[in-house]
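A.B. asks: Would you mind keeping the following structure in view while I ask a few things?
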Number of protein chains: 2
Amino acid sequence: MTTKQQNSEKIKVFALGGIGEIGKNMYVVEAGEDIFVLDAGLMFPQEEMLGIDIVIPDITYLVQNKDRVKGIFLTHAHEDHIGGLPFILKQLPVPVYGTKLTLGLVEAKLKEAGLHKSTQTHLVSAESVLDFGEYKVTFFGTNHSIPDSVGIAVHTPQGVIVNTGDFKIDQSPIDGKHTDFGKIAELSSKGVLCLLSDSTNAERPGMTGSEKSVGYEIDNVFAEAKGRIIIASFASNVHRIQQIFTAASKTNKKIVITGRSMVKVVDIASDLGYLNIEKDSVISIDQMNNYAEDRIVILTTGSQGEQMAALSRMAHKAHKQIAIRHTDTVVIAATPIPGNERSVARIVDLLMRTGADVIFGQRKVHVSGHGSQEELKLMLSWMKPKYFIPVHGEYKMQKAHQNLALQVGVEAENIFILEKGEVVEFADGLAKRTGKVPAGNVLVDGLGVGDIGNIVLRDRKLLSQDGILVVVVTISRASNQIISGPEIISRGFVYVRESEELLQEANKLVTEVLDKCMQEKVKDWSSLKSNMRDSLSHYLFDKTRRRPMIMPIIMEI
Amino acid sequence: MTTKQQNSEKIKVFALGGIGEIGKNMYVVEAGEDIFVLDAGLMFPQEEMLGIDIVIPDITYLVQNKDRVKGIFLTHAHEDHIGGLPFILKQLPVPVYGTKLTLGLVEAKLKEAGLHKSTQTHLVSAESVLDFGEYKVTFFGTNHSIPDSVGIAVHTPQGVIVNTGDFKIDQSPIDGKHTDFGKIAELSSKGVLCLLSDSTNAERPGMTGSEKSVGYEIDNVFAEAKGRIIIASFASNVHRIQQIFTAASKTNKKIVITGRSMVKVVDIASDLGYLNIEKDSVISIDQMNNYAEDRIVILTTGSQGEQMAALSRMAHKAHKQIAIRHTDTVVIAATPIPGNERSVARIVDLLMRTGADVIFGQRKVHVSGHGSQEELKLMLSWMKPKYFIPVHGEYKMQKAHQNLALQVGVEAENIFILEKGEVVEFADGLAKRTGKVPAGNVLVDGLGVGDIGNIVLRDRKLLSQDGILVVVVTISRASNQIISGPEIISRGFVYVRESEELLQEANKLVTEVLDKCMQEKVKDWSSLKSNMRDSLSHYLFDKTRRRPMIMPIIMEI
């Protein structure tokens, strides 16, 4: 045994995303020459990332070691675990492994990106054993807010490296599939060298509670509603959508599905057998008028207050086919993700003004998909890992998870609170920090991946605050004379019609600066430009206390 | 009595701010010819108000009726009740009435704005009776998160109009001043025609709890801390600051005060006798090193994660004199105002990374200053108003407050959920909605008050998303020839050094468009501009999926 461990290759574990943040999960197990990538998520841009569409992990290290990457192994089909694939696979065309529903949703995504033909996908189940010579990859079923979620185990001669994926412990799961305790016990008895576990709810005491409890409340709401029911949920929460279909069936209601992602997920999930929908229970929007109000359920996207989603359009009276009525019951079956509180509150306000009955926070129409403290401790107790790395969460959640691990007996020096890119290396069953691989945010704006940096973001920030002022002048270099201009044009600075005088004065000022420079025969355009910029900047700040971006342009003839 | 009521003048009540929103409270009671303005607050800009500093109410109606305005009567010195004064008094130079601490803080504000000499201020107390002929204005003491808070009563022949101001019912107030139950009973026995009451916590069950409970927890934290204590609070929460001083005194600690507004409030409040500070308990930053770590308390601003506040600078390691140490205990004695969650979470994360012990949400170091459901019902039961207008809150809070009023027996048809500007008119003791006065948001950006409208905001939004591209060309009208250019300059669009090819191609395209127009002898510059704009816009969207603002400029010689 000792000999074997001494001969065994080094193992490195690190995160390229998902720690110190919520989103873009990507964990890497590098075992000898083989690299196993676990998940490939995206993150939605933070406030200060103006104009950015999404954020993905920096995969420089993986691209540099492309030939060693055995594949991307997926835990489940949420955007923060699979959303980076369309961008990442372009630079890193490796096989993708996932369970049935996960692959179903991934394949739809790859099709949209034109990558479905070039990408090798491999269907796995909780029973699969993937053999990579010295290393094996296995899976175990977990409970989360999307079906077919799994944890992943990489078996190495030094022991097993386990990533739980997102999980809670649901004692009454909607699909009847419990957390795979047997497999977890097996891993534990083999010896878990290192556990990576979900920290999202590490600050929350107790147990999270079963998705089924939401079902009881949905049943009540459906039974009480006097008119139509409009219910918003995450499209990907297939369990909740199942409960909505079940409640509709019990109360003899028909369901209208609206919102692009909702239509897509319901299609795929029911095709693959993850949604049990009764025949004739879904109707089209056009058929709504054939039924009494109290027989209609409208299932929609937009539970996070997303501006372009169907619920938001209804609230703003901008939905082409659905107008909220005061007899409607509107249910937001989700809680706002941190950062979305204001936009959700705004939608709720608009909905309430229609006179509809709006049900959100005050009734139990949502539970989290992530385990709370007692569940996280259970996972730690079952796995009995030698080393522990809290992942999937902000720093404070990692710290809280560290405390839980200490409580169940993990040694303090065996817990690693990592930053993105920080490497923990295992040799002969012993771990230490050994350095860093490149890691960070890659910003996606339109077709550009990673071409937006700090300079562009700083300019967008400046432009968003006080706008821009362009000053153009045509100068003859030969005669040192102004041929045309200066002309001043502004955007986002002042309302031009009410500020004519200000802009005329500014023009006069620039003209004086230019005249003086021409007389002094200044030939250095850059100092001419900075003269124009400085004098304008001072003048405008003095008059308005605003600092627009000033862009002097000299046209030379 | 009946005769008197029939002869009495009409009374109008409306809000110019503070309903359907959180912030810029301003309520108006118009009794016959006299106009009484209650509070004059500001609101912090919403996300989409790019570059805006603050928002104040639209006071068009008051300015049009300037001579009838008897004064602005203040309930307390929070920014959402007094912050609009420096802007509003410029257009509406009327007397200002307030209690001692309120006026103390207002006067400092007016001094900064150069308005202290031109403004008449009148000191009032809970005992004052202001006589305006047919109408009287009186006050009653309340509990809130700033001392010297009062409710205001306007006495009219039809009955009393009462505005509670912000309040909770604190059974163990820090300053020993209880809610003025006697005065409230007196108002009730006179007959409250209409009550305007604080809806902030109308959705929260139970009682809010005493500020004193925070004191116990602060005491515990101070006793336990092994090193320095850094504690952030709202500067205006004088009660909490008192408790911090008291806890410091009990544990023999010295206090360093940092942050401009904290220094200002502590100065004014202690000068006016609202803060009881022991001699020698405050030291300067320079003196800190003369004391052991466990004898230092640093009292600071920044509890809302404000970027420029002292706590944020410490967290970002950008504070000139104070660096957080791993032995420090950092206490954030406030909860995030909705919308500030992300910035507070970010600060907490940064603070935790220093290794310091960070105390925020998980211990009871904050209670709200606004009463919860049971307190709101008590106020309604005491006042027994005939009519009720829930104020100070978003629509959903107004609605929740309406429900509470129904529970305590106010008639459904006597409750008015108003929008800003909507007028309720009382004649002969009976109320009805009668129309609307102008009301809305006035945006303040630098020195400009109300000069930023939708066009400017839309441009800032566009600029913030994909930046701007300026295309300049100098053309000779006489010869229909391009003399210089086109030149293309961009900001906030792409990183120029990595996009040379794209911009060169764009230049080529514009040159072709221009050449064609020159050949066709197009003399209409505006169609020339739109040709340039359209072709560039299509080309760039095709290549980048971005839509920068495109600004074509033609210089003519």
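Every residue gets a Cβ built from N, Cα and C, even glycine.
Annotations per TrEMBL:
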type	residues	note
DOMAIN	A:23-218	domain 'Metallo-beta-lactamase'
BINDING	A:Gly51, A:Asp53, A:Asp445	Ca(2+) binding site
BINDING	A:His76, A:Asp80, A:His81, A:His144, A:Asp166, A:His392	Zn(2+) 1 binding site
BINDING	A:His78	Zn(2+) 2 binding site
ACT_SITE	A:Asp198	active site, proton donor
BINDING	A:Ala235, A:Ser236, A:Asn237, A:His366, A:Val367, A:Ser368, A:Gly369, A:His370	substrate binding site
ACT_SITE	A:His370	active site, proton acceptor
A.B. asks: Let me know the model's mean pLDDT on the domain 'Metallo-beta-lactamase' (A:23-218).
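C.D. replies: Average per-residue pLDDT within the domain 'Metallo-beta-lactamase' (A:23-218): 95.
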A.B. asks: I need the CA-to-CA distance for A:Val367 (substrate binding site) versus A:His144 (Zn(2+) 1 binding site), whole Å please.
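C.D. replies: One finds 11 Å between the Cα atoms of these residues.
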A.B. asks: Whole-number answer please: how many Å between the C-alpha atoms of A:Ser368 (substrate binding site) and A:His144 (Zn(2+) 1 binding site)?
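C.D. replies: That comes out at 9 Å between the alpha carbons.
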A.B. asks: What count of other C-beta atoms do you get within 10 angstroms of the C-beta of A:His144 (Zn(2+) 1 binding site), across all chains shown?
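C.D. replies: Its Cβ shell of radius 10 Å holds 28 other Cβ atoms.
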A.B. asks: Quick one: Cα separation, A:Asn237 (substrate binding site) versus A:His144 (Zn(2+) 1 binding site), in Å?
C.D. replies: 9
A.B. asks: Say you check the Cα of A:Asp53 (Ca(2+) binding site) against those of the binding-site residues A:His81, A:His144, A:Asp166, A:His392; which is nearest?
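C.D. replies: Nearest listed residue in space: A:His81.
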A.B. asks: Rank the recorded positions A:Asp53, A:Asp198 by how many other Cβ atoms lie within 10 Å of each Cβ and give me the one with the fewest.
C.D. replies: A:Asp53
A.B. asks: Quick one: of A:His78, A:His144, A:Asp166, which binding-site residues lie within 10 angstroms of A:Ser236 (substrate binding site), measuring between C-alpha atoms? Sequence order, please.
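C.D. replies: Qualifying among A:His78, A:His144, A:Asp166: A:His78.
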A.B. asks: Out of A:His144, A:Asp166, A:His392, which of these binding-site residues is nearest A:His366 (substrate binding site) by C-alpha distance?
C.D. replies: A:His144
A.B. asks: Given the binding-site residues A:Ala235, A:Val367, which one is most crowded in terms of C-beta atoms within 10 angstroms?
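C.D. replies: Answer by Cβ density within 10 Å: A:Ala235.
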A.B. asks: Work out the three-state DSSP category of the residue listed as 'active site, proton donor'.
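C.D. replies: The residue listed as 'active site, proton donor' sits in a strand per DSSP.
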A.B. asks: Does anything in the same chain, at least 6 positions from A:Gly369 (substrate binding site), have a Cβ under 8 Å from its Cβ, and if so what?
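C.D. replies: Long-range Cβ contacts: A:His144, A:Ser145, A:Ile146, A:Asp166, A:Lys168, A:Thr208, A:Glu211, A:Asn237.
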A.B. asks: Measure from each Cβ of the binding-site residues A:Gly51, A:Asp166, A:Ser236, A:Ser368, A:Gly369, A:Asp445 to the Cβ atoms of chain B, and list in sequence order the residues where some distance is under 8 Å, or 'none'.
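C.D. replies: Near chain B - Cβ to Cβ under 8 Å - we find A:Gly51, A:Asp445.
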A.B. asks: Between A:His76 (Zn(2+) 1 binding site) and A:Asp198 (active site, proton donor), find the distance joining the two CA atoms and give it rounded to the nearest Å.
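C.D. replies: Here the two Cα atoms are 13 Å apart.
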A.B. asks: Around A:His392 (Zn(2+) 1 binding site), how many other CB atoms lie within 10 A of its CB?
C.D. replies: 33
A.B. asks: Please list, in sequence order, the residues in the chain of A:His81 (Zn(2+) 1 binding site) that are at least six apart in sequence and whose C-beta is under 8 Å away from its C-beta.
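C.D. replies: Once residues fewer than 6 apart are set aside, A:His81 (Zn(2+) 1 binding site) is near A:Asn25, A:Asp39, A:Ala40, A:Gly41, A:Leu74, A:Thr75, A:Gly165, A:Asp166.
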A.B. asks: Does DSSP put A:Asp80 (Zn(2+) 1 binding site) in a helix, in a strand, or in coil?
C.D. replies: helix
A.B. asks: Using a 10 Å radius around each Cβ and all protein chains in view, which of these binding-site residues has the most neighbours: A:His76, A:His366, A:His370?
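C.D. replies: Result of the Cβ crowding comparison: A:His76.
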A.B. asks: Nearest of the recorded positions to A:His78 (Zn(2+) 2 binding site) by CA-CA distance, picking from A:Asp198, A:Ala235, A:His392?
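C.D. replies: Going through A:Asp198, A:Ala235, A:His392 one by one, the closest to A:His78 (Zn(2+) 2 binding site) is A:Ala235.
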A.B. asks: Roughly how many Å lie between the Cα atoms of A:His370 (substrate binding site) and A:His392 (Zn(2+) 1 binding site), rounded to a whole value?
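C.D. replies: Cα of A:His370 (substrate binding site) to Cα of A:His392 (Zn(2+) 1 binding site) measures 10 Å after rounding.
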